[in-house]
Amino acid sequence: MKKRDHQDSCSSSYGGDSGGPSSYGKAKVVWEDELDASGGMDELLAVLGYKVRSSDMADVALKLEQLEMVMGQEDGASLSQLQNDTVHYNPSDLSAWVQTMLSEVNAPLTDPAQSLQTDLDFSSLQNYVNAESKQTQLRFSDDSEYDLSAIPGLAAYPPRSPPPPPMQQPEPPPPMQQPEPPPPMQQPEPPRNKRLKTAIGSSSTNPNLPSSSSSSSTVIAAPESTRPVVLVDSQEAGVRLVHTLMACAEAVQQENLKLAEALVKHVGLLALSQAGAMRKVATCFAEALARRIYKIRPQDPLEATYNDILQMHFYETCPYLKFAHFTANQAILEAIGTTNRVHVIDFSLKQGMQWPALMQALALRPGGPPAFRLTGIGPPQPDNTDALQQVGWKLAQLAETIGVKFEFRGYVASSLADLDPAMLDLGSPEMETISVNSVFELHRLLACPGAIEKVLGCIKAMKPKIVTIVEQEASHNGPVFLDRFTESLHYYSSLFDSLEGSGLSPDSEDMMMSEVYLGRQICNVVACEGPDRLERHETLAQWRSRMGSSGFDPVHLGSNAFKQASMLLALFSGGDGYRVEENNGCLMLGWHTRPLIATSAWQLSPTVGNQ
Amino acid sequence: MTRDKEEKRRQALCINDHVDILLEILKRLDGRSLCTAACVCRLWRALATADSVWEHLCLRRIASPGSSVRPVVSALGGHRRLYMLCVRHLLTRLGRDPGSSSAWDELQLSLSLFCVDYYERLGGRFGDTAATSSLMFLCKPVNV
């Protein structure tokens, strides 16, 4: 009896006629099934007092597992709230009970396994959610069928401006037995947030799309029985967002700029419905696409110092750069062995953050430290300050403190291709052990034809003992724009995901600067072409073949590097998400299953072909 | 009766009279206890904040650290700072999986991070006691 009401309210209060023929239809079928097959209950459970249809068994089992998983993750507070608030009718009906429980639980929680929708800090999201719901209600004023606030009425929802528009479909007055989540009159904050959250999700769905959207509001009553019940709405909006981005990119590729323009605006709106990493990624990509469509000149190349600052914040937020530095240092340490003089040529000096750790390791080397010489290459500074010398001075101070003989020289070059080994004042290989280091610099040379070959030739002429290269593990240099776009979307989604996992508050300076840093890369990959497009990342396999054909042999990074990297990552909160992988002697750092950066080490091939 | 009492008084040991024993005890404490000990009285504070005690704490698990570690660490800010900034976080976070890394490796990592911290402080932007931003990640709670 009561179950019938429950099903009824489920199908009628939700998306009603036009929106929900499928959900209503399904509910109806289920109901009829139950009426027909009174003997269809599973017998064993019936003995225990539970009525579950045999046909439903697998489904109920799956949902019970999900419920268990979800409940296991909740902290005590929301769990007890769950126990207090939910009204269950006919608890012998396991199927309905578990659906109601899952719908309760769905509203405040997100699916942690969802890669696009990252873990949300619920408490910090509250204000954000409140603000955002206002915004989305303003934008999606025709989403009245999802205007859930009409149901419990003004008691729970004091009027916001603009007041909710008149309903397009008359909502039936909710039957009193409706097993709603807690009567909102009594519980101000948490249920409100539950509803607000799904209000965002549902209002973001395109009202023009048909029946599938009816499943989006999960709060009022149990969702469709056939859907796997874990936060359907934001997931859907997220999927829709990605599809729209892809469609826009395709339109750009086909030079259909009118369509692209419309789509990119839509993306911008959809992006607002998301939260966290997905939102930021979508916004960055939307901006980049807009720049490409409107042919806005690429952003002014940043002053080198500003770029350094951005990278410093990125260094502090997440382990990628630290990983790069530590693994490269380990390779250098192992290569130089017991030599007395070391000369490192660093293509990516920036703030010199890589070298303190190496100098410390040299200082503690059994047998005493070698003399350490560093040549740093940097871009010209617009205000003529000698940034390189400042870095050199700091490093010299450190070296003196820990007792390492140190020498520094800085070279200014606007592009690495301008480098001439003769200028570098290199000692002969017998006198000093030379090593070349490049972190995220070589890929820029691919923008100029011939540049990379010139630089590799230059490196060979220096006769280094070891060359350490760290590059992004991504294929952002393909000839087809759409492929580049897709690749970079996945890559930067993972990267932003990992930023979220770092536990920093979203409005900390570090976090925002890191996002700007990555956002600029995205703009470069998507919006620029030709010599302006500097972020031409290539995969490890591509670099391998390039280095191999240029006369370099791979050097395997040892287990020490792997161990040190693993230890380093274990220190980071969110460290469980990071993965160190060994790939034929090279080390890759990734987020969950996606490798993001790769460190490799090279030496000159011993053959004569070093011309 | 009074003779008994007097004897007892003679035999009662006041640890503050035996600084060498006190030092030996302090050397075996963990970091938190050492800090607590430093709050007891001036003598204890002087002993518990001496760098040699913290050096023992940091190098406790290392079989033969070699003579080069001490001058480097002292120059970079001392063992107490090393422990506070780096070692204790490594101990708690890496302690879950004791077999995976040797104590020496962990110390090396601590030292590297410590050195980076010193380098950042050379910029002069940070106060003496605060950890620089590069070590902030160590202060974040970790999902265990």
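Backbone N, Cα and C atoms are what each Cβ position is placed from, and that goes for glycine too.
Sequence annotations record features per position, and here TrEMBL assigns compositional bias 'Low complexity' to A:9-25, A:202-218. TrEMBL lists A:159-190 with the feature compositional bias 'Pro residues'. The domain 'Transcriptional factor DELLA N-terminal' annotation in TrEMBL covers A:42-107. Among the features that TrEMBL reports, region 'Disordered' is placed at A:1-25, A:152-220. What TrEMBL records for A:311-376 is region 'VHIID'. Taken from TrEMBL, the feature region 'Leucine repeat II (LRII)' applies to A:390-422. For A:527-603, the entry in TrEMBL reads region 'SAW'. According to TrEMBL, the feature motif 'VHIID' maps to A:342-346. As annotated by TrEMBL, motif 'LXXLL motif' applies to A:442-446.
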Checklist line | Residue numbers, six or more beyond the limits of the region 'Leucine repeat II (LRII)' (A:390-422), whose CB comes under 8 Å of its CB atoms | finding: 347, 349-352, 355-356, 359-360, 362-363, 369-381, 441-442, 444-445, 448, 450-451, 454-455, 458, 461-462
Notebook entry, point to check: Looking only at residues six or more beyond either end of the motif 'VHIID' (A:342-346), which have a C-beta under 8 A from one in the stretch?
Noted result: 332, 336, 354-355, 358, 362, 370-377, 424, 426-427, 432-438, 462, 464
Check: Do you know the DSSP helix, strand and coil residue counts for the motif 'LXXLL motif' (A:442-446)?
Finding: 5 helix, 0 strand, 0 coil
